[in-house]
Amino acid sequence: MVYYIVFIFSGILSFVAELKYKKIICIILAIILSLFAGSRIGIDRDYYMYLKNFRYVEPTFSVFLEKNHLEWCMFFIPDFFRQFYNSNMDVAKACFVFFATLGVSLKIRAIAKYSEYIFLSVILYFGNLFLMHEMTTIRAGIAAGFFLLSIKNIEQKEHLQFFIKLLLCFFFHSSSILYILPWMCYTFRVPIKYYYYVIIISIVLVVFNINLITILLLDKIFPKVEYYIKAMEWMKEGKVNVLNFKMLFAMIIVAIFSMFYSTLKERFIYFDLLFKIHIISICLFLILSVSGAQVFSTRAFEMYSVVQILLYPMIVHIFPDKMKIIGWALIVVFSCIQTFYLIDVADIFKAYDSWL
């Protein structure tokens, strides 16, 4: 019930932000969501893994590198708070709050900066990303936040600023290597038709269950590829459902937006880039799902799906003025279903508990 209260309250606040007090409300919203995620106790599957790493940080960075294969943030941030707290548990609490605050703030900042529909973007964020990023895969959540803020840098070819943000992404999550792909595709101005070709090929691969990695002999040319895929598979909890609700909705968005591509490209500065990143995320998910890398396919999709909180609300503009409410309704319904699924169906979260 607590999750739904926060969801509804966030929606109400963001709706008011559509009318006035945008900056103040965004700050209040960021504080509320940061404390909600940062003060949680043992409600998600990754909590105790992070708790252990935050509490028992290695004495020096060199020892950390020898004993761990984690990102540098898992040493430097706990080590920083260790200078201020004597209790390991207090260090862990500070780390959780810091990670949550950074992850939430980056995304709320991006919404306030880029989105014309604060309300739709916020409810999408809560139902689509907040629960997974800021309350489960917290390192990936921060990396995704920095990437979302780099959209302007990619669009305007501000390469130095983009790579600075990319380095920050790497500091928190090694999977950020994925963010180079949209930068390359957009920098070299790959036409939209080729994105359509690739997504059609990806669907064909899924329909006929074709393993592209094996066909291209990538597992033979690069033995580490095969090893990595097997390692990822050992970690999986179950087979990925390729045609899940979230993916079906993502593909419907592609179909709809492709029909209004020129109109939306003219209307929104960042539409072209966001739409292409969205297509890339679907293609990677489909291709990797049938290539023995189901877990990594989900991770890749989640890393890119942060753009959905800016892209999906643009659907409002495909409708005439008197029918724009349909676009609003679609996003609201999707967000509600996604929130319900994560909380009551997927069995990812336990009843909410906090040390506050």
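Glycine residues also receive a Cβ, built from the backbone N, Cα and C atoms like all the rest.
What TrEMBL records for this protein:
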TRANSMEM  21-43  transmembrane segment
TRANSMEM  117-150  transmembrane segment
TRANSMEM  162-182  transmembrane segment
TRANSMEM  194-219  transmembrane segment
TRANSMEM  240-262  transmembrane segment
TRANSMEM  268-288  transmembrane segment
TRANSMEM  300-319  transmembrane segment
TRANSMEM  325-343  transmembrane segment
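Taking pairs at least six residues apart, the transmembrane segment (162-182) and the transmembrane segment (325-343) share fewer than three Cβ pairs below 8 Å and do not count as touching.
Only sequence-distant pairs (6 or more apart) were considered; of these, fewer than three Cβ pairs between the transmembrane segment (300-319) and the transmembrane segment (21-43) are under 8 A, so the stretches are not in contact. Cβ atoms under 8 Å from those of the transmembrane segment (21-43) belong to residues 6, 9-10, 13-14, 93, 96-101, 103-105, 108-109, 111-112, 118, 122, 126, 130, 134-135, 349-356 of the same chain, restricted to positions at least 6 beyond its ends.
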